[in-house]
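Residues or ranges marked as transmembrane segment by TrEMBL: 75-92, 112-132, 144-164, 240-259, 271-288, 300-321, 372-395.
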Amino acid sequence: MNPSHYKAMSAENPFLGPPGAFFISIGVPSTIYALHFGCSETNGCPPNPTQIPQRVASALSDPEWWKGLWDTKATLMYLAWYAFCLVAWAMLPGSRVQGTMLRTGEKKLYKINAFSTFLLALCLTFCTIYLYGPHSFTFLHSKFVNFITASILVAFVESVVCYAASFRPGALLALGGNTGNFIYDFYIGRELNPFSFGTFDLKTFNELRPSLILWVLVDISMVCEQAVRRGGFANVTDSLWLVLLFQSVYVGDSLYYESAILTTMDITTDGGGFMLTVGILSLVPFAYSLQASYLAFTPVVLGPVRTIMILGFNFVGYWIFRGANAEKNDFRNGGNPKNLKFMTTESGSKLLTSGWWGCSRHPNYFGDLLMALAWSLPTGFSTPITYVYVLYFLVLLVHRQRRDDEACEKKSVVVLASSEFYMYGKDWHKYMQLVPYRIIPYVY
Ligand code: NDP
């Protein structure tokens with residue numbers, strides 16, 4: 001085995017290098033808190049702009065405010081949730097699926113049972129609510145900020161351990177995360193698959209289970225909170241039900257098609273660093289649920305016409321997202337049920353050039369963006385804060401698309417040295433001519 005497979009130095013700095021990585025590492029957790037405090041019943045959503053500097057200054061200088069971020073019970077509950085996901089992964093039956101080929105020429109095996117974990121978690125949640133009423137499940141709402149703190153702490157500790165463990169001999173390093181700069185590598189992730197043994201893989205586990213499933217549980221907690229305030233589930237607003245429906249379907253879809261994650265950049269390319277870990281453990285459940293958190297204290301009634309329009313909008317996004325991801329997934333698994341056109345690259349690997357993948361180079365991002373907007377529309381237009389998610393997601397996906405373009409093109413430089421591993425190089429330019437749009441067909 002060529003040792004260069006394990007360690008491939010990268011000089012690329014797609015996140016503005018170590019200073020960028022440092023500021024984003026602090027910025028992401030701060031943003032999660034800011035969104036919570038900046039869109040709340042007590043402070044307003046958003047708070048009066050003229051009062052923000054003074055409020056922030058007084059909060060930051062108040063030891064009681066800092067103490068309020070921590071709650072031992074919430075931390076233990078978060079750890080119990082994480083442990084539940086681990087036990088469910090180990091105990092629930094699941095098929096075994098191979099991942100994509102690693103630079104070593106090996107393929108990892110993954111246990112597929114995220115969807116059954118989701119069903120089990122939902123079952124336990126609904127039983128609790130049925131037996132003890134909606135107030136029994138409002139703790140995620142009432143201790144929201146404490147759960148944020150717990151998740152950030154777990155993400156930080158895991159990232160430190162993963163970074164330290166990546167120095168053991170034989171660890172397969174991520175192409176982008178071993179520049180030698182501690183801050184940058186800690187952020188991007190030095191090892192490609194940290195804590196990966198047998199059919200367990202920490203990155204895949206974190207991405208689907210403690211994060212995505214918790215996001216739906218947070219939404220359910222917001223519905224329970226509104227039910228308590230408005231005198232029962234019958235009085236919960238259509239807008240909040242819509243947000244719960246959309247986000248549950250999105251999460252359920254990701255978990256049902258669990259093996260599709262194995263061909264995504266997070267798994268094939270990015271290391272297990274703080275960027276990914278805090279993004280999935282903290283940002284997803286506690287920032288992506290912002291629309292539901294807002295609606296818990298701001299009941300918005302849409303009525304049938306607006307409800308149907310938003311449902312239709314979300315459906316179009318879902319249709320594109322699911323269609324595009326299914327086409328690529330089938331194709332990467334050796335199928336082509338729609339007989340789509342493709343080009344064969346010099347490496348032997350193939351790229352779709354018709355169907356959704358003929359419309360743009362990332363049609364799945366386009367569908368995802370439409371859905372993100374559909375999730376914000378139920379909150380109405382009284383606040384811009386619930387649309388921050390759409391803006392953030394736009395920036396993330398535009399940046400991600402550019403990263404993927406570069407990765408597909410430039411990975412060849414590293415990989416040509418190790419002859420058996422394919423990448424696209426100049427074929428990627430041919431592909432870009434055939435499919436010129438990046439995300440939105442005929443627009444971008
Ligand atoms: P993709 O699933 O689009 O995967 C990109 C890879 O697909 C490329 O590296 C390439 O890898 C392969 N590929 C590119 N073009 C073609 C083609 N024409 N034919 C066949 N294969 C091709 O990207 P992501 O991993 O970024 O996203 C996965 C999903 O996750 C998306 O739906 C995205 O919207 C969603 N997502 C959601 C986020 C969230 O926070 N909710 C965050 C990020 C993503 P190769 O050729 O080596 O197979």
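Cβ coordinates are placed from backbone N, Cα and C, and glycine is handled just like the others.
Just so you know, TrEMBL annotations are computer predictions that nobody has curated.
The structure displayed is predicted, hence computed values, not measured ones.
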Proximity verdict for the transmembrane segment (372-395) and the transmembrane segment (240-259), three or more C-beta pairs under 8 Å: yes
Long-range neighbours of the transmembrane segment (240-259), counting only residues six or more past its ends (CB under 8 A): 97, 110, 112-115, 117-118, 208, 212-213, 215-216, 219-220, 222-223, 226, 288-289, 291-292, 295-296, 299-300, 302, 307, 310-311, 314, 318, 322, 325-326, 329, 371, 374-375, 378-379
Selected stretch (most C-beta pairs under 8 A with the transmembrane segment (112-132)) from 75-92, 144-164, 271-288, 300-321: 75-92
